[in-house]
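Undergrad: Straight from TrEMBL, here's the annotation block:
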- 6-120: domain 'Tetrahydrofolate dehydrogenase/cyclohydrolase catalytic' (DOMAIN)
- 139-280: domain 'Tetrahydrofolate dehydrogenase/cyclohydrolase NAD(P)-binding' (DOMAIN)
- Gly165, Arg166, Ser167, Val231: NADP(+) binding site (BINDING)
Amino acid sequence: MPAQVISGKEVAAQIRRELKSEVEQLTGKGIQPGLAVILVGDDPASHSYVKGKEKASIELGFYSEIHRLEASVSEENVLALISKLNGDPKIHGILVQLPLPGHISEKKVIQAINPDKDVDGFHPENVGNMYIGLPAFLPCTPHGVIQMLKRSDVDIKGKHAVVLGRSNIVGKPMAQLLLAEDATVTICHSRTIDLPAITRQADILIAAVGKAGMVTADMVKPGAVVIDVGVNRVEGKLVGDCQFDEVSRVASLITPVPGGVGPMTITMLMYNTVESAKRSLN
Ligand code: GUN
């Protein structure tokens with residue numbers, strides 16, 4: 001039987017409906033969630049992601065600011081803008097779209113954001129809090145994956161989850177969030193010896209390497225849940241890290257690309273911004 005497809009669009013729409021009602025309640029109390037996005041340079045993919053964030057913000061009734069800066073802007077000017085936004089009470093969330101041009105330090109920029117407004121969950125304070133189970137803004141993509149699993153009634157507890165990829169944005173926090181859900185977690189990466197032998201043990205397989213179609217059917221245990229985080233452009237078409245057609249004949253549940261994890265990332269950013277605005281009530 002072919003795998004059931006988890007629609008990220010549907011799960012995202014469900015969460016956005018929940019958020020919309022929270023935004024209405026907050027606005028009734030005089031607090032409109034505010035999100036500021038800083039975009040440096042003219043990378044077309046980044047521009048498209050930022051457009052998506054702006055559209056979602058407006059649809060949910062947020063206050064939205066997009067700061068589009070020239071690629072040649074100095075690091076000092078970016079840090080000064082972050083400092084201004086840190087002190088702006090209209091703004092509950094600040095996101096600096098990555099990657100940044102080479103002359104601007106991502107590390108410095110991330111650390112300059114007030115952790116209470118770090119809706120990306122990239123600041124070391126939020127990363128540390130997440131690791132020890134303290135309240136934190138969770139990084140949007142891995143948090144979105146957890147939401148998709150839970151809302152598709154996937155039982156995570158005790159299962160062997162294999163994460164392919166070890167990036168700071170997806171792989172590492174993904175493994176940690178699965179561990180927090182009581183999965184037994186293995187992280188694989190480009191240096192892993194005999195990768196298929198490990199992926200074949202996965203009850204839940206998360207592919208987050210950014211290599212088009214690298215996960216083939218023979219790497220997947222029959223009945224596994226496969227989440228494809230990959231976003232790769234091949235001949236102008238978006239494809240994931242999995243060979244969708246063949247893997248979906250082996251898996252029990254699978255996410256498509258596009259329309260899988262992608263819509264969840266923006267939704268969890270909106271979720272974090274609402275959480276931040278809620279904190280300002282206290
Ligand atoms: N670039 C690619 N993904 C992300 C993300 O989740 N947040 C930010 N700020 N930049 C990104």
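Glycine too: its Cβ is placed from the backbone N, Cα and C atoms.
Because the structure is a prediction, the values reported are computed rather than measured.
Describe the structural context of these features.
TA: With helix defined as DSSP H, G or I and strand as E or B, the domain 'Tetrahydrofolate dehydrogenase/cyclohydrolase catalytic' (6-120) counts 59 helix, 18 strand, 38 coil.
The Cβ of Arg166 (NADP(+) binding site) has 18 neighbouring Cβ atoms from other residues within 10 Å, across all protein chains displayed.
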Undergrad: Any same-chain residues 6+ apart from Ser167 (NADP(+) binding site) with CB under 8 Å of its CB? Would you list them in sequence order, or say none?
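TA: Within the chain, Ser167 (NADP(+) binding site) has Cβ neighbours under 8 Å at Ala208.
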Undergrad: In three-state terms from DSSP, label Val231 (NADP(+) binding site) for me.
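TA: Assignment for Val231 (NADP(+) binding site) reads coil.
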Undergrad: To what whole number does the mean pLDDT across the domain 'Tetrahydrofolate dehydrogenase/cyclohydrolase NAD(P)-binding' (139-280) round?
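TA: Mean per-residue confidence for the domain 'Tetrahydrofolate dehydrogenase/cyclohydrolase NAD(P)-binding' (139-280): 98 out of 100.
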Undergrad: When DSSP is mapped onto helix/strand/coil, what comes out for Gly165 (NADP(+) binding site)?
TA: coil
